[in-house]
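Novice: Before we start, here is the structure in question, set down as structure tokens.
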Amino acid sequence: MDRMKKIKRQLSMTLRGGRGIDKTNGVPEQIGLDESGGGGGSDLGEAPTRVAPGELRSIRGPLSSAPEIVHEDMKMGSDGESDQASATSSDEVQSPVRVRMRNHPPRKISTEDINKRLSLPADIRLPEGYLEKLTLNSPIFDKPLSRRLRRVSLSEIGFGKLETYIKLDKLGEGTYATVYKGKSKLTDNLVALKEIRLEHEEGAPCTAIREVSLLKDLKHANIVTLHDIIHTEKSLTLVFEYLDKDLKQYLDDCGNVINMHNVKLFLFQLLRGLAYCHRQKVLHRDLKPQNLLINERGELKLADFGLARAKSIPTKTYSNEVVTLWYRPPDILLGSTDYSTQIDMWGVGCIFYEMATGRPLFPGSTVEEQLHFIFRILGTPTEDTWPGILSNEEFRTYNYPKYRAEALLSHAPRLDSDGADLLTKLLQFEGRNRISAEDAMKHPFFLSLGERIHKLPDTTSIFALKEVQLQKEANIRSTSMPDSGRPAFRVVDTEF
């Protein structure tokens, strides 16, 4: 009888603690048990079913994945052992312990979990049954998400599929691409679909590849958002956020007279988006009003990165056939291929002037005429104003008249002295002398916007500040209504 009690005690300890039976206590390593549970009259001499201590543990499974075991009615005896295993307990053989398995329900996954995990917009509508499917298979949320798993998850939601988007209106067409106004079935929001035709011999145009590679890494409130990329055998479709119009259309709608407070807001946002690009070592290289998009709230965003480049060093040789002629700096017009972020700053100055006056500053139709317009207002450069210019072969070939510089205020009377000073700092002959986007944002011209506007996170709009509001235009006419008779949005200049 004592032997039976020892066996019962050891078995109880094994089930309670998950430990093997001590081989040094005189009990055999393998314990014989009657299949019926071991009644008081069991015959220990019969051939037993043998269970090794390790097998007892394997029944429970690994500790990390074992269901929680709740012991019931575990009354303790005076010797610190449970009554079931105590030497003072009844001689009747009973089940050593009674256990109740507690199975935790699967973690319930919410739409917010999905949005945060996959960086999705807050208003996305997930496919029917998608949350329930993930709830049944939730380990995805307990470990890092691999690139492959992320792609699979996005595809299951509907990203990367043409059928997710509805084409509404055709907005424009270029050599390689057509732009449509569309609607997303995932969010019910309007989108711009830039459909790039893939030539069988050439594949995707390098400008499209460049735009995709840069935009997917640029996350800023003043840079157009690339929502999705759809690749088929015949086309590459880029899905952009939809904005109501571009700056050129905004100027037209205002009768080419923009409220000067709004000019300041637009210019600040242009500089803010550009400063972010330059910090990321990206040059836009094609700034013009048609590539600056504006929504009804007044948010301005940089678009069309088809000519943009990532730069690795301050100056590098690139093609000089960039930037629409009116916004092209004189050093590039004269053949320079060594430039950096300063190439964008000249274009900012031209756009600033155009917003303030309603007309382009240098509307040349040829390179020679463009330089003539520049020199007539800013003065023909000399060795004093532009060291080394006289050794430039193209400059000597044109043989321009000796113009004297004119005061910019005489051409842009709506600018105050701070505005004229900022414009002068942007329109410098030499790229190295042009003010940077980061420094331009700190110019006194923007003091009236307050200090908080400089402390916003990159992805936060300036209109998140209650003190920043777009003012109503005096002569604005709406062209964003469906019956206006012309497209209200131009996502990019698609002439690659």
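The backbone N, Cα and C atoms fix where each Cβ goes, glycine too.
On a predicted model such as this, the values are computed, not experimentally measured, just so you know.
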Novice: Out of LYS194, LYS216, LYS219, which one does Swiss-Prot list together with LEU171, GLY172, GLU173, GLY174, THR175, TYR176, ALA177, THR178, VAL179 for ATP?
Specialist: LYS194
Novice: Here are some residues: SER58, SER110, SER184. Which is flagged as phosphoserine in Swiss-Prot?
Specialist: SER110
Novice: Pick from SER78, SER86, SER484: which does Swiss-Prot describe as phosphoserine?
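Specialist: My reading of Swiss-Prot gives SER78.
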Novice: Looking at phosphoserine as annotated by Swiss-Prot, pick the matching residue from SER155, SER336, SER448.
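Specialist: According to Swiss-Prot, the phosphoserine annotation belongs to SER155.
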Novice: What's the CA to CA span in angstrom from THR380 (phosphothreonine) over to SER391 (phosphoserine)?
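Specialist: SER391 (phosphoserine) has its Cα 15 Å from the Cα of THR380 (phosphothreonine).
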Novice: How big is the Cα-to-Cα gap, in Å, between SER391 (phosphoserine) and THR175 (phosphothreonine)?
Specialist: 39
Novice: Translate the DSSP assignment of THR380 (phosphothreonine) into the three-state scheme.
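Specialist: Coil, per DSSP.
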Novice: Tell me, how many other CB atoms lie within 10 A of the CB of THR380 (phosphothreonine), whichever protein chain they belong to?
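Specialist: Around THR380 (phosphothreonine), other Cβ atoms within 10 Å: 19.
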